[in-house]
């Protein structure tokens, strides 16, 4: 589980950073959706409403048909992500063999092969619910999510991570007294689609008990890791440093692995579901902040805000938005939650972070 999740984070970060470099070399505009400070404030609220909506849907609607519709949607999304992921690899391989066959409307042999491969794996998952096919589709969506989205700066990263830190804690630990059930775990276990990585707890793979990790616990930290990788590549100090390459990236990846290990250790100790971001957020943010102090680059990487100031700013903004919603609920509801320009990035993030 840890190896698969970390591989998705590292691979997604490299693909996102290299695509950005290629676009800059060609002088093109940025294709990745940039998550701004305002987007980061909104996301925990929207994610909570979406998760709660799914919980009530599974509670009051026919579970079979709801599961069927959601599974079809997510399997198609995962198959498309797998197609996008493997296409450049297959094109490069066929180019080396000299098989650059193009048929009609730009459709090549690589397109046909990748379409067949992704369709077969998608059908395999839909028909058998195999944990292996689930993880193939889930990993593809995780890498694609990290590749298509980008955090604008360290402030946006802190706001998003802190917000989802409390989101994860509430819906795992505090939702049962309010709603009578653990909302996060209930939705995770009710939905059979590839929105989480699952691994059997026995080596044979035939166990009926599985360990689970939501795709949001890969994508959300992965966006932060990708931003740190871009910072390392842009940092002039690292260009002349022959002994240590990409110190921040290596540190935050190690912190991510450590955070995941803490998560699964807590699951074994307490025998209960744990919010992974409870461990991942402090590890990732803390490791980068400590290293920036050691290298005397804190202001360079984090602009004018210290971590206490960032936390205070986050809390004050949530209070301000709550007061605005109380006095002008209708207008704020439209403005705060349903800005049309944000639908693309929120559609991707919501689908990957609900669990």
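The backbone N, Cα and C atoms fix where each Cβ goes, glycine too.
Annotated range for transmembrane segment in TrEMBL, selecting from 40-58, 306-324, 325-343: 40-58.
Cross-referencing 10-28, 276-294 with TrEMBL places the feature transmembrane segment at 276-294.
Contact count against the transmembrane segment (144-167) (Cβ pairs under 8 Å) is highest for 211-231, out of 64-90, 102-124, 179-199, 211-231, 252-270.
Residues 1, 4-5, 51-52, 54-55, 58, 63, 67, 70-71, 73-75, 78, 125, 129, 131, 133-135, 137-139, 141, 168, 171-172, 210-215, 218, 273, 275, 351-352, 354-355 of the same chain lie 6+ residues outside the transmembrane segment (179-199) yet bring a C-beta within less than 8 angstroms of a C-beta in it.
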